[in-house]
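These notes concern the structure reproduced below.
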Amino acid sequence: MAKNNDARSTESATFPRQRKSTNGLHTSPSEVQFHTMTQSLESERKDRERIVLWRQPLLTLQYFVQESGTLISILANRLYRRKKTVALTLLLLIVAYLIYRMDGPHQKLVQSVEKKFLWCAYWVGLGILSSVGLGTGLHTFLLYLGPHIAAVTLAAYECKSTKFPEPPYPNEIICPEEQDNQSMSLWSIMSKVRLEAIMWGAGTAIGELPPYFMARASRLSGVDMEDDDFEEIEELIHEKKRHPEDMVSRKGFLEKAKLSIHNLVQKVGFFGILACASIPNPLFDLAGITCGHFLIPFWTFFGATLIGKAIIKMHIQKLFVIFIFSAHHVESVVKLIGYIPHFGPLAQKPFLEYLEHQKLKLHHKPGVGQEEGGGNILSWCFEKLVMVMVLYFILSIFNSMAQNYHKRLCKSKRASSKKGASH
C-alpha cells in the first residue's frame, strides 16, 4: 500500500492534474496561460484608458512628446533606408515646381490643373481625417461635405440652375444671371457635387489603410498584433469555441457585431468587404485589421473599400442629403416647427431668417457690397459647433498618441519579462 501511495504521489508530481473551470470542464495549461495573458491585457487597457488630458495632463503630455519623437525617428529611419526613392521624389518635385513657376503659354493649363487638384486634395484630406483613426476621428461629412451638398441643393432650387458662375463657385454660390428656369432633378444636383463626394469617399477609403498595413506587417513578421480591437476579437473567438451556447445570451450587440464583421470578411472576402464598406459602419477598422491579419491581397481589400465607400455609400449619403434639403421638404419642416405648442413660433423664427438670408446671398452680384446683418443664431451655433468638434478632435489626438506610447511601454515590459523567464 505504501508503495502504491508513493507511486501515486510521484505520478501526481510528474503529471499535475488539469485545472477545472467553473463549469466542470478541464482547462489545459495553454488555456490557463491565455486567460492570464487576457487578464494582464485587460488591466493594461484599463490603465491606458485613464491616460487622458483631463485626468492625467502631465503624464499624457509627456507620453505624447515621447510618442511623437518615436514616430519621427521611425519615419527618418524608413526614409534613410529608401534614399534612392526619396532622392527621385525630391527631383520630380523640384522639376514640377520649376514648371509651375516658369512663365509661358502652359500657365493657363497649370492654373486649371492647380485649381482642380487643390479642390480634390481638400476633399480627399477631409475624408482621410474622417476615418484615419487619429483620436476620435473628425466627422467631416457632418461638418463639411453634408453642409456643402445641402447649400448646393438649396441654391439649385432657388436659382433653378446648377450653372453657378466660377469664380466665385465653389467658395461662394451665386445664381447665374441667365437662369434656365427648368425644374431641378435629383440627378442634376448629384452631378454637380459628384466630384467632391467621390473624392471625400476616396479619402475615407485611404484612411482605412493604416490598420490593414499594421496587421499585415505584424502577421508577416510573426509579432503579435498590438491592437485592443484585435485582442478583443481573439478573446471573443476563443470564448465562442469554448462556450458557443453562451455567446447568444451573455454577449451584447457590439461584441456580436464585431464577431460578425470578422467572420464575414474572413469567409466571403471581396464581397464581404464591399458589404461592410457600403453602409455607415463605425466598426470598419476591424475589417481592415482582419484583412491584414489573414493576408488578403491589397487590391482586393482596397478595391472593395474604394468601390464601397467612394461610389455606393457616397451616392446613398448624397441622395439622402439632397432629398432632405430639397426646397419643398425644407419649407415643410420649417412650417411644422411652427406648430409646436408654446415654443413653435419662437423656434421657427431663426430658421426662417436663415433661409431668407441664404436666398438673398444667392442673388447678389459679384463685386457688389452686400449688406451685413447682425448674423443668424443658426450660423453662429454651427460655427461654434465646428470649433468645439475640431478642438475635441485635436485633444483626442493627444490622448490617442499618449495611449499608443503606453502600449509601447507595456509591450517592452512583456518582452523583458519573457527574456528573464527564458534565462
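The backbone N, Cα and C atoms fix where each Cβ goes, and this holds for glycine too.
Those TrEMBL annotations? Automatic predictions, nothing curated.
For 10-29, the entry in TrEMBL reads compositional bias 'Polar residues'.
Annotation source TrEMBL lists region 'Disordered' at 1-29.
The transmembrane segment annotation in TrEMBL covers 85-102 (among others). Outside the transmembrane segment (85-102) by six or more residues, the chain places 79, 110, 114 with a CB less than 8 A from a CB of the stretch.
Per TrEMBL, the feature transmembrane segment maps to 122-145 (among others).
Under the heading transmembrane segment, TrEMBL lists 259-280 (among others).
Feature annotation from TrEMBL assigns transmembrane segment to 286-307 (among others). Residues 201-202, 205, 208-220, 225, 227, 229-230, 233, 258, 261-262, 265-266, 269-271, 273-274, 276-277 of the same chain lie 6 or more positions beyond the ends of the transmembrane segment (286-307) yet place their CB under 8 Å from a CB of it.
Residues or ranges marked as transmembrane segment in TrEMBL: 319-340 (among others).
TrEMBL lists 377-398 (among others) with the feature transmembrane segment.
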### Task
May I ask for the residues of the chain that lie six or more residues beyond the transmembrane segment (319-340) and have a Cβ under 8 Å from a Cβ within it?
146, 149-150, 153-154, 157-158, 184, 186, 189-190, 347-348, 351-352, 355
